[in-house]
Structure formats: C-alpha cells, structure tokens
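What TrEMBL records for this protein:
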type: TRANSMEM; residues: 9-31; note: transmembrane segment
type: DOMAIN; residues: 10-142; note: domain 'EamA'
type: TRANSMEM; residues: 37-56; note: transmembrane segment
type: TRANSMEM; residues: 68-91; note: transmembrane segment
type: TRANSMEM; residues: 97-117; note: transmembrane segment
type: TRANSMEM; residues: 124-143; note: transmembrane segment
type: TRANSMEM; residues: 155-175; note: transmembrane segment
type: DOMAIN; residues: 157-293; note: domain 'EamA'
type: TRANSMEM; residues: 187-206; note: transmembrane segment
type: TRANSMEM; residues: 218-239; note: transmembrane segment
type: TRANSMEM; residues: 251-270; note: transmembrane segment
type: TRANSMEM; residues: 276-296; note: transmembrane segment
Amino acid sequence: MSRDNHTLVYFKLILTTLFWGGTWVAAHVLVQEVPPFTGAFVRFSIAVAALAWVVWRHEGRWPRLNRSNAMTLFWLGFTGIFLYSYCFLTGLKYISAGRGALVIAFNPVLVALVAWLGYKERMTWLKGTGIVLALIGCVLVISNGHPERLLQGEIGLGELLILGCVVSWTAYTFIGRQATQSLSPLVTTFYASVVGMVLLGIAAVGETPWQLIPHFSWTAWMCLFYLGIFGTATAYTWFTDSVKVIGAARTAPFINLTPLSGVLFSALILGERLHIMVLLGGLVTVVGVMMTVWAGHAKSQPHFEK
C-alpha cells in the first residue's frame, strides 16, 4: 500500500479517537433531556441502520448464525451495548464528561489484568508497572483528586456507574474474542448492536419513548445522530479498517487519545474545569495504559506467571 494511503489511514484513526472523545460531550448534553434507555435505544437504532449498510458493502452478504455464536452475540449485546449504555448515559447525569472520559481510560488495563488472572496470559514487569500506574491514576480521577475519600466510602453513584462501563466493556472484550473466531469484527459489532438495540428498546418501554421522541429538541437529535453515525458506525468502521491496514500493534496506542480528546472537548464545549489532581491522575492513567499496551506487543521481556 502507498504512503499516501497509509497517511489517510492514520488521519482517519485520529478522527476516530476524536469522534469517541466527542461522545462524552454529546452524551452529557443528551441526558439532560432524554432518559437513558430511550436515548440509548434511538442511538443504536441509528447506528444499526448505518452499520447494516456498511456490513453489506464490506461483506456482500449476511453471514449465517448458528446456535453457538448466536448465544455469544446475545451476551455481547447484553454486556457491551445494553449494560454499557445504561452505565454510560446514567453515569453522565452525575459526573462531568471530562472525568468520565478519564475513568474509561482504565479499560485496557482491566482487560490486561483479567487476561492475566483469569486466562493465564503472561504478565511482564513492564505491563505490571503500567497496571499499577494506571490504577493509581484511576483512583485519583474517581476520587476527584482526594483518594482518602475512597477509604471513607465517599464514592458517588456517577463514579460507580462509569466504573460499571469499564467492567461491562471488559466482559464484552473477552466474549468478543470468542465471537470473532467465526465472524468478522464488523459483523460481530453489527449483530451485538442489534441485540443491544432490542434489549434497550424493551427497557425503554418504562420511559414511554413514544411520548418523548416526538418532542426531542434539535439539540437532542444532533447528539443522537452524532452518537449513532460518528461515535458508533463511522468510528468503529474506520478503526476496524485501520487494524486491517496497519495492524493492531500500531492501531492500539491511538485509543489513548480518546480520554484526552474527551477532556479537551469537555473544556471547550461544556466549559468544564477539572481539579489539577484529576488531570494528573488522567495523565498517569494514560501513561500506565501506554506501557500496558506496548508491553503486549514487545518481545522477549522477563515475565512472571500467576
């Protein structure tokens, strides 16, 4: 592939992380007006429509499902779409978008920790150091710069819900490993989104969406289309394409730009100002995550087993 094509891939990859960073702002604005289940249902209805076109364009057909991968896709949709969306949108009613984005930065580290403890993947000293650093940074962010509050049990509902995002996405990651053995990542995401959309639609019945949707403001619709088209369908498609072209090792570190762009957009658009210790915690978390990701691709490192 030519240098120009590689440049285009990197450009799209940077835009992808910016799109994901912007989802925190869009979601924070959305939940001030729209209940969480209704908002998530409309978001993924839009995303599924867009992804259906992308899947057909990339795959040229609808892959058949058997009972085994259908059940796997159900749990993918339940954890990564349904649970994640509830924790994401409800949590942003109680916590600032910038802090939420920084907490989510802990995602890759929890995945690495679970992979070591539960799946006996090797743990290098570099990866272990990265996990410890990221954990320290995450504590600073969750506690709003006052870690002693955690010892006193003073952690808010918003922080717990955003941590729920981290846990649900970790579960989604490991279930997804099984799903992608028989289906492409793009098809897996599409079917998981369909499952999540259906579950969210059922849960949204209690919020009477048929009465709410006709009265959504233009701002709410802009947020929903941004979340569905750019934050889900476009971003995931471009990210998947990047992995195919330049490989996972070169693609993965770009994810670290997402929390940083989330903080930047929160400050520029929402006028949020974070405590200096929260920003420091975010920086420490990102450094720890980068060490963990890099360690996953480095070779011949000393390691220890669980």
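Each residue, glycine too, has its Cβ placed from N, Cα and C.
Keep in mind that TrEMBL annotations are predicted by a computer and have not been checked by a curator.
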Inset, instruction - Using a Cβ distance cut-off of under 8 Å, indicate which of 68-91, 187-206, 276-296 has the most pairs with the transmembrane segment (37-56). - result: 187-206
Legend entry - Tally of DSSP helical, extended and coil residues in the domain 'EamA' (10-142): 109 helix, 2 strand, 22 coil
Legend entry - Within-chain partners of the transmembrane segment (9-31) [C-beta distance under 8 Å, separation at least 6 from its ends]: 39, 88-90, 92-93, 96-98, 100-101, 219-220, 222-224, 226-227, 230-231, 234-235, 238-239, 241-242, 245-246, 251, 254-255, 257-266, 269-270
Inset, instruction - Compute the average pLDDT of the predicted model within the domain 'EamA' (157-293). - result: 87
Legend entry - Intrachain neighbours beyond the transmembrane segment (68-91), with Cβ under 8 angstroms and 6 or more residues off its ends: 27, 30-31, 36-37, 39-40, 43-44, 100, 157-162, 164-165, 168-169, 171-172, 175-176, 178-179, 182-183, 188, 191-200, 203
Legend entry - DSSP residue counts for the domain 'EamA' (157-293), split into helix, strand and coil: 123 helix, 0 strand, 14 coil
